[in-house]
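Per Swiss-Prot, the features are:
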- Cys5, Cys8, Cys17, Cys23: [4Fe-4S] cluster binding site (BINDING)
- His249, Glu273, Cys317, Cys409, Cys437, Cys462, Glu497, Lys499: hybrid [4Fe-2O-2S] cluster binding site (BINDING)
- Cys409: cysteine persulfide (MOD_RES)
Amino acid sequence: MSMFCYQCSETLNGKACTVAGVCGKDPETSNLLDLLVWVLKGISFWATEARKLGVDDPEVNLFVAEGLFTTITNVNFDPESIGKKIEKAFALRERIMKATKEAYKEQYGKEFSKEVPEAATWYVPGDLSVWELKGAEVGALSTKDEDIRSLRELLTYGLKGIAAYTDHAYILQKFNDEILHFLQEGLAATLDDSLTVNDYVALVMKAGEFAVKAMQLLDEANTSRYGNPEITEVYTGTLPGPAILVSGHDLLDLEEILKQTEGKGINVYTHGEMLPAHAYPELKKYKHLVGNYGTSWYNQQKEFAQFNGAIVMTTNCIQKPLESYKDRIFTTGLVGWPGVKHIPNRTDGGQKDFTPVIEKALELGGLEEKPGKKIVIGFAHEQTAQVADKIIEAVKAGKIKRFVVMAGCDGRAKEREYYTEMAKRLPKETVILTAGCAKYRYNMLDLGDIDGIPRVIDAGQCNDSYSLVVTALRLKEAFGLDDINDLPISYDIAWYEQKAVAVLLALLYLGVKGIRLGPVLPAFLSPNVLKVLVENFDIKPISTVEQDLELILQGK
């Protein structure tokens, strides 16, 4: 076995990737990422001990979040870049360890004597080959008990999603140290062999609580800078002229690209999870933000090859770039791929310098005109609140009989055609609530509207599942219900990676029951852990469209 990874929905044969990742990860990259997570756990051990002594290190706190984000599926495939992260992790671990020991001695008059896990001390100087070997030792399989392993991985993947949302918020200057501290609490707990199954279940539920907080923080970050999303029509065709395509999730990167291209005759397009950017007033004001090109991440090799412009990957999801466009794709932030040009991070409060991207776009000459339809987006919670009376009236009049939450991720699996078919076959009295790239399975279908309310209400990116939760809670209040599960809402969720795990844990924390999860159940859930989720939350796998549709319409 060269590697072991089962953190995403596409893991090989629904079990694990052990020779190479379906995502494109080679064993070296996979094992280095496992080592990075392990060292982050070691940092977290010291950081949680330090806070008990009144010591807190903001740089360490944020680094743990950035490090976790780096290990999410389809973020960083570059061993050298990951190696630099590991080197910095060792340095910060040494710093917080020293600060902890000094504070302990000052407070208690003796040396720190608590048992220290290996992850908090192991170090071999910068050698990727040695680090790779160590990474292979300390991954998921290092926990022998199947149920403890399952819960530790469920917790860790939830923490990765929380870290991603929190990191995005911090980039936009919205801070919540409590979330960063919980990331460390959770990571440190995975090193504690004294914890029981019940202890880990409690931590998993606590992760759901902090997933809600992280999504709320990012919602505040996005809306305070760019305004509340508005109902907006987005063009899906192309216009003639030089072009830049921005994929990923980072709105600040898009904003800086828009600023730096203003007046240069370059059209800017979004791709994938950047589609919701068009709904924000402070982004849609740029006239050269002209449309959304393509669909979700897994189609990028075909779509990028046909896009004769510069391409910027701001966060996940990147796939192996084809030679046909490798010289015109750029990574930035935490994203990395060997041999792909990288736009460095901001320094001294300035902007990133996207000059190489702009020059490449101008050099290429650009796109030809190609017609496309318009799609409607922008139904985040504030915008939805403005049409709430209309929605409530439609429900009371029987014109809307059920809402179906079909949020989450898209992916390559043929089984995901289920979501397209479900959208087509849902009766005209149903409304789909969506967020995340799962929307691309049905957002180009002509599903019509109900008294002017679109039958696909798109709240935004995957983190904007928070908006769907807020909307559901407002509807519960409006209808005078005691339980969110009494609403005429069914949950038919598609998952792919670790941010979706965080969203799932958030829904469970809020008490949502009866979630259908597809296209497959996570491989990292042991039979016993799955049994707990089924018994307590009625989680179930998707079945056939015919069977699930019948049950959904019955509220089951």
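Glycine residues also receive a Cβ, built from the backbone N, Cα and C atoms like all the rest.
Recorded features from Swiss-Prot, shown on the structure.
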residue : record                                  : contacts (Cβ under 8 Å, 6+ apart)
Cys5    : [4Fe-4S] cluster binding site           : Thr11, Ala16, Cys17, Gly21, Lys25, Ser30, Asp34, Gly139, Ala140
Cys8    : [4Fe-4S] cluster binding site           : Val22, Cys23, Thr73, Tyr496, Glu497, Gln498
His249  : hybrid [4Fe-2O-2S] cluster binding site : His168, Glu273, Met274, Thr314, Thr315, Asn316, Gln461, Asn463
Cys317  : hybrid [4Fe-2O-2S] cluster binding site : Thr73, Asn74, Val75, Gly248, Gly272, Trp297, Tyr298, Gln300, Glu497
Cys437  : hybrid [4Fe-2O-2S] cluster binding site : Gly272, Glu273, Ser296, Trp297, Cys409, Asp410, Cys462
Lys499  : hybrid [4Fe-2O-2S] cluster binding site : Ile72, Lys160, Gly161, Ala164, Tyr165, Cys409, Cys462, Asn463
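Counting other CB atoms no more than 10 Å from each candidate's CB, the binding-site residues Cys17, Cys462 peak at Cys462. In the structure shown, across all protein chains, Glu273 is the one of the binding-site residues Glu273, Glu497 with the greatest number of other Cβ atoms within 10 Å. DSSP assigns Cys437 (hybrid [4Fe-2O-2S] cluster binding site) to a helix. Cβ atoms within 8 Å of the centroid of the Cβ atoms of His249, Glu273, Cys317, Cys409, Cys437, Cys462, Glu497, Lys499 (the hybrid [4Fe-2O-2S] cluster site) belong to the same-chain residues Gly272, Trp297, Asn316, Gly436, Gln461, Tyr496, Ala500, site residues excluded. Other residues of the same chain near the [4Fe-4S] cluster site, with their Cβ within 8 Å of the Cβ centroid of Cys5, Cys8, Cys17, Cys23, are Tyr6, Gln7, Glu10, Thr11, Leu12, Gly21, Val22, Lys25, Ser30, Thr73.
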